[in-house]
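Chemist: There's a structure below that I have some questions on.
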Ligand code: 6R9
């Protein structure tokens with residue numbers, strides 16, 4: 001079935017037609033009876049939330065958090081779209097993440113098993129973490145940080161990153177974490193936008209065996225002298241030489257350890273800002289998404305407990321995200337610690353010093369819950385199953401995915417090779433803006449469908465609508481929207497109220513527009529197809545980049561694929577694909593067989609989706625341009641495909657990738 005209506009390229013509702021084959025995924029993976037019997041969440045959770053949504057959220061907030069003052073009002077939506085959740089309640093985020101576990105007698109439980117890239121390790125209990133957070137908060141206070149001040153955090157994946165976030169939360173000083181891989185320029189913009197008073201950084205961190213230079217980037221960011229930064233707190237990690245400004249810079253190990261541990265958590269109201277996190281829009285300057293305390297923590301803890309089936313006494317949880325991304329905020333720092341979990345935190349890259357490093361870590365700590373991104377899974381597929389095969393992964397019991405649509409083949413590989421054909425896989429859809437998971441299977445309830453995030457969680461309302469904002473019937477595509485306010489929702493864009501309204505609330509008045517295309521299948525399950533700007537229009541047929549990518553990845557020789565719509569005189573847009581071959585296929589390829597192979601891949605896409613989706617050209621590459629959070633930058637590939645000068649590459653993890661691809665295209 002192909003949709004024959006024509007629409008301007010890029011404006012199309014996503015995935016409305018022509019895509020049936022891949023979305024009629026026949027494989028189902030119900031939970032085992034043993035898993036279902038012990039699961040935190042049962043089908044009853046949906047009923048409870050449906051019967052009384054606000055009452056349900058109030059229950060979660062009271063059960064999962066400790067409030068210094070209980071709330072009487074659950075939601076105030078009278079000033080929509082600015083929500084107030086649990087508005088007259090008071091609490092402290094750091095108290096909830098650490099102190100109360102110690103008070104409850106769990107101080108000896110390990111909070112963080114930290115693994116440095118070089119193999120050095122640290123084990124931190126809840127009691128130790130509580131004391132370190134209290135000392136760091138006292139140190140920040142000594143440096144002049146008060147409740148309400150903003151603090152920028154620019155750190156590698158070391159325990160001090162979590163400590164720094166919680167120390168800010170203890171004071172009620174919103175943190176703004178800037179990913180350690182971002183440039184001095186990016187840091188400068190973010191420091192100024194949030195008017196940060198203090199920056200917390202390190203001399204460096206280890207990535208791919210080499211120490212990175214963080215402090216020099218901070219020095220550059222502050223060199224112009226036009227920032228409000230008064231102090232820079234520097235953690236010693238690598239021992240590299242760094243430039244020093246005596247009146248401004250302070251070593252962490254000179255100020256934090258000498259503090260007492262009695263700095264009390266500052267009691268704040270539920271709507272007190274907890275953090276700002278910048279996220280790139282498709283264009284323009286980054287948006288400072290800000291979240292508040294009560295609602296954000298309630299939904300973080302609720303989703304972490306139910307989506308991952310967390311048992312804090314026995315599980316060892318590992319989320320591979322960097323704290324520079326929202327996944328690191330919600331599922332490294334806040335969700336797991338509020339729930340009293342034991343977690344693994346790893347500093348480095350998955351292939352340092354060898355391609356089995358992650359699996360070695362799973363074996364070593366007997367990780368039971370693993371949460372990672374499709375791009376990482378596809379990379380592991382490319383490296384081959386021998387790598388994980390060398391390690392004992394039998395401790396794993398739940399696997400999660402986040403960040404982009406996961407191709408069904410990658411999903412099935414993840415479950416089979418990493419999960420031993422045994423573990424539930426939860427494909428979790430959410431955004432920096434939503435604060436916490438919104439759409440996901442529940443591992444003990446849902447019969448999982450590879451490639452689909454499936455159902456809004458209990459308490460969450462999502463739908464797929466057409467151009468007019470009307471819900472589409474089952475079997476159709478459109479735009480993903482959130483139809484009711486949720487506790488962890490963003491409260492705005494820092495300093496830019498208008499942009500908040502324009503970006504999220506003006507496309508369909510009164511409901512939140514997520515910017516993603518989606519399809520509702522015959523069962524009512526949701527398939528997120530990617531950003532609406534990743535939707536192509538070929539001869540009036542609407543095609544999703546994601547589905548063509550999934551078709552390519554379902555071919556046994558393809559490890560990873562990126563597809564873009566390039567403008568075409570005849571068809572409006574044409575499909576251009578960039579593929580990375582699996583190890584064996586790449587090794588076997590010769591000049592002569594390469595052409596044949598590409599013809600075979602084109603035919604394969606035609607067979608999987610329909611001739612309309614057949615790529616006009618396929619270029620075999622060795623790397624794809626990705627942001628540091630692992631998202632493919634299709635905009636740059638579109639530049640190559642349309643033979644334009646390649647645009648801004650500053651947010652790429654590796655900026656030389658585009659040179660290699662452009663060179664390949666010209667051959
Ligand atoms: C958590 C995070 C948000 C965008 C979102 C969507 C994509 C995330 C997804 C997914 C399909 C999933 N996305 N999870 N698409 N299936 N399970 O990634 O936040 O960095 O703000 O990105 O990522 O396009 O709109 P963020």
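Numbers run from 1 along the shown chain.
Note that Cβ sites are derived from N, Cα and C of the backbone, with glycine treated the same way.
These figures come from a predicted structure and were not determined experimentally.
Here's the feature list from TrEMBL:
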BINDING   207, 208, 209, 210, 327, 539  CoA binding site
BINDING   403, 404, 405, 427, 428, 429, 430, 431, 432, 516, 531, 542  ATP binding site
BINDING   553, 555, 558  Mg(2+) binding site
DOMAIN    43-97  domain 'Acetyl-coenzyme A synthetase N-terminal'
DOMAIN    104-494  domain 'AMP-dependent synthetase/ligase'
DOMAIN    547-631  domain 'AMP-binding enzyme C-terminal'
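What does the local environment look like for each feature on the list?
Modeler: Residues near residue 209 (CoA binding site) in space but far in sequence (CB under 8 A, at least 6 apart, same chain), listed by position: 117, 118, 352, 353.
The Cβ neighbour count for residue 531 (ATP binding site), using a 10 Å radius and every protein chain shown, is 18.
The Cβ neighbour count for residue 553 (Mg(2+) binding site), using a 10 Å radius and every protein chain shown, is 23.
Each residue in the domain 'Acetyl-coenzyme A synthetase N-terminal' (43-97) gets a DSSP state, and the totals come to 25 helix, 7 strand, 23 coil.
For the domain 'AMP-dependent synthetase/ligase' (104-494), the mean pLDDT of the prediction comes to 95.
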Chemist: Excluding 553, 555, 558, which residues of the same chain place their Cβ within 8 Å of the centroid of the Cβ atoms of the recorded Mg(2+) site?
Modeler: 409, 551, 552, 554, 556, 557, 559, 561, 579, 601, 604
Chemist: Does any of 207, 209, 210, 428, 558 have a Cβ within less than 6 Å of an atom of ligand 1? These are the binding-site residues; tell me which, or none.
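Modeler: List returned for ligand 1: 428.
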Chemist: If you count other C-beta atoms within 10 angstroms, which of the binding-site residues 207, 210, 555 is the most crowded?
Modeler: 555
Chemist: Using a 10 Å cut-off between Cα atoms, which of these binding-site residues sit near residue 403 (ATP binding site): 207, 208, 210, 327, 555, 558?
Modeler: 327
Chemist: Measure the Cβ-based neighbour count of residue 432 (ATP binding site), defined as the other Cβ atoms within 10 Å of its Cβ.
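Modeler: Its Cβ shell of radius 10 Å holds 18 other Cβ atoms.
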Chemist: For residue 207 (CoA binding site), which DSSP three-state class applies?
Modeler: strand
Chemist: Of the binding-site residues 405, 432, 531, 558, which sits closest to residue 327 (CoA binding site) by Cα distance?
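Modeler: Answer for the nearest of the binding-site residues: 432.
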Chemist: Do you know which of the binding-site residues 403, 405 has the most other C-beta atoms within 10 angstroms of its C-beta?
Modeler: 405
